[in-house]
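What TrEMBL says about this protein:
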DOMAIN    16-141  domain 'Rad50/SbcC-type AAA'
Amino acid sequence: MNPTIILKFLAFLGAHKKSVLLEFNQGLNVIYGASDTGKTYILQTIDFMLGAKEIRPIPEIRGYTDILLGIEISTGEKFTLSRKVSGGDFLVFDGLYKEITADLSGQKLRSKHKDGRTDTLSAFLLDKINLKDKRLKKNVSGETNSLSFRNLSHLTIIDEEKIQKQISPIFTGQHVSKTPEISLFNLLLTGIDNSYLDYRPKSESNSSSDIAKVQILDE
């Protein structure tokens with residue numbers, strides 16, 4: 001069984017603001033409250049700290065500059081992700097820190113996944129759960145893309161709108177994503193990715209032949 005990610009806390013920090021801290025226990029955590037009190041925003045912030053491009057600006061976030069997400073891997077490893085409210089790249093610190101002091105030294109992680117790079121948040125997190133360097137089938141032709149941690153987001157960050165959708169939860173609803181989403185679900189069930197696929201682009205002669213066939217059909 002692959003290691004799992006356990007969220008420990010979420011913190012908002014600002015130079016002239018009182019820090020806001022939300023701690024999580026291992027297992028089920030229920031966040032409750034009246035409408036428009038921040039429940040959905042907490043989910044969106046967790047998504048942001050796991051690689052989403054931006055966070056929705058709300059009046060309550062003014063004055064806060066940094067967000068921390070404490071994470072423990074089921075193997076026992078602990079670390080803290082730090083990111084500016086404005087977005088951009090991450091810093092990761094070994095251990096759990098609810099505030100970041102000047103004497104702490106963090107490792108920079110790029111926010112955008114790129115095939116072959118190891119200095120990204122995606123590669124860092126995938127490595128922790130033994131899913132690094134996996135490949136997903138991109139289309140029926142057999143092309144593949146490297147697995148990104150963001151490929152997992154629709155299965156792990158589920159808001160009210162997704163719950164109400166009348167489609168399988170393994171799909172996002174985007175037709176172009178259906179093949180890689182099936183490939184991802186198969187990987188999670190079996191542990192087998194699509195690295196074995198040997199994609200070979202059509203030769204120019206084959207392309208010319210296809211064009212000729214189309215012309216004949218048109219005539």
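Note that the numbers count up from 1, one per residue, in the order the chain is shown.
Just so you know, glycine gets a Cβ as well, placed from its N, Cα and C.
In terms of DSSP helix, strand and coil, the domain 'Rad50/SbcC-type AAA' (16-141) has 22 helix, 32 strand, 72 coil.
The average pLDDT for the domain 'Rad50/SbcC-type AAA' (16-141) in the predicted structure is 95.
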